[in-house]
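If you check TrEMBL, you get these features:
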type     : residues : note
DOMAIN   : 7-349    : domain 'Acyltransferase 3'
TRANSMEM : 12-30    : transmembrane segment
TRANSMEM : 36-65    : transmembrane segment
TRANSMEM : 86-107   : transmembrane segment
TRANSMEM : 144-160  : transmembrane segment
TRANSMEM : 167-186  : transmembrane segment
TRANSMEM : 206-223  : transmembrane segment
TRANSMEM : 235-257  : transmembrane segment
TRANSMEM : 263-286  : transmembrane segment
TRANSMEM : 306-324  : transmembrane segment
TRANSMEM : 330-356  : transmembrane segment
Amino acid sequence: MRKERNFGLDLVRAIAITLVVLSHATFFFVQDTENLIVVFMRTMGAVGVDLFFILSGFLIGGILLKEIDQNHTRFSNLIRFWKRRWWRTLPNYFLILLINIGIIYAFSKDLPDSIGSYFVFLQNFSDPQSEFFTESWSLSIEEYAYLFLPFLLFCGFYIFRDREHSVFLWTTLAVIFMGFLLKIQFYINTELLNQKDWSSAFRKVVIYRLDAIYIGFLLVYVMRQWPNFFQKLRYGLLFLGMAVFAGTHLLIYMMNLQPQTHLYFYVFMYLPLISMSCGLVFPYAIGMKRSTTFNGIIYFMSTRSYAIYLVNFSAILLCFYYFVDFNSASLSLKMVLCTVYLLLTLSISNLVYTYFEKPILNYRDKKLG
């Protein structure tokens with residue numbers, strides 16, 4: 001199985017999940033803060049999720065393009081695609097959702113009224129979700145991304161025979177443009193008080209973030225169309241991506257750009273710039289040679305990344321708050337608890353992957369091929 005994996009994409013996945021976990025680890029030391037280091041780490045955690053979005057779109061878009069190449073463009077092929085995605089994403093999600101329900105019920109019995117929406121990924125479809133299982137916001141975006149555009153694509157494949165690649169490109173662009181229109185509506189009708197409001201009402205809402213994944217569709221399309229171009233310019237594109245990323249955040253810092261004062265920037269520019277800077281890394285990443293020194297840890301983090309993402313915050317980190325008063329805890333105690341948190345996250349996610357996720361994926365591959 002390892003021979004089939006792309007080392008560079010595994011590295012991207014490992015970096016993304018590491019950024020997410022380290023950003024969550026800061027909650028052992030401070031809650032809301034203006035400390036520049038903490039703000040930076042939590043921003044990088046959000047960037048980790050954006051990396052996941054681009055990577056997901058890149059991989060799923062690549063799968064759909066392979067379906068086109070193999071003339072697998074019937075609706076039966078779409079159903080098989082969905083089944084494979086659902087076997088990959090749903091079992092882990094529902095397992096951890098039920099565990100989180102059990103934790104909340106055991107400690108506080110304060111389940112949100114919207115709990116039913118979590119079972120159909122509607123908790124943040126067009127409005128902010130509750131604080132329960134807060135990290136599930138990105139999974140809703142991914143699930144609807146897998147449903148919406150692939151369905152439109154296969155409808156287009158049915159109508160426009162022998163023009164599947166054009167259908168893929170123009171339908172993807174059209175859906176991204178539809179998302180842009182929704183963002184205009186948000187910009188006109190919304191007033192935000194702070195960064196947290198922007199994050200919950202916009203950054204984490206399905207209808208405004210589907211484009212983050214579909215940019216990955218465009219990325220894999222253009223890289224397949226002009227492979228030599230991206231191969232030759234991979235170093236330049238890597239540095240350009242780093243420059244765009246650094247320049248965007250330097251601009252925010254130097255000009256003190258905030259959603260409540262510069263909403264246009266945060267609705268129309270910030271997230272696309274982050275997606276673009278992340279995407280520019282991919283031409284370099286996919287050509288990376290395997291590292292004999294770090295291959296083991298990168299493979300571990302990459303393959304367990306989904307389980308790590310699901311268990312690390314609500315199912316593990318927040319449980320500490322039921323037993324520890326972090327306002328009065330000493331720094332040394334916080335450091336010990338943070339270390340325990342990291343070890344628990346790696347250990348529990350490894351158990352989930354080894355004894356739950358991987359057997360299900362093996363069954364899926366036998367059943368669906």
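The backbone N, Cα and C atoms fix where each Cβ goes, and this holds for glycine too.
Curation does not apply to TrEMBL; its annotations are automatic.
Proximity of the transmembrane segment (235-257) to the transmembrane segment (263-286) is established through 3 or more Cβ-Cβ distances under 8 Å for residue pairs spaced 6 or more apart.
Counting Cβ pairs under 8 Å that are 6 or more residues apart, the transmembrane segment (144-160) and the transmembrane segment (206-223) reach 3 or more and are in contact. Listed stretches 12-30, 86-107, 167-186, 206-223 were compared with the transmembrane segment (330-356); the greatest number of C-beta pairs under 8 angstroms is found for 12-30.
Restricting the average to the domain 'Acyltransferase 3' (7-349) gives a pLDDT of 96. By the Cβ criterion (under 8 Å, sequence separation of 6 or more), the transmembrane segment (263-286) is in contact with the transmembrane segment (36-65), since 3+ such pairs are found.
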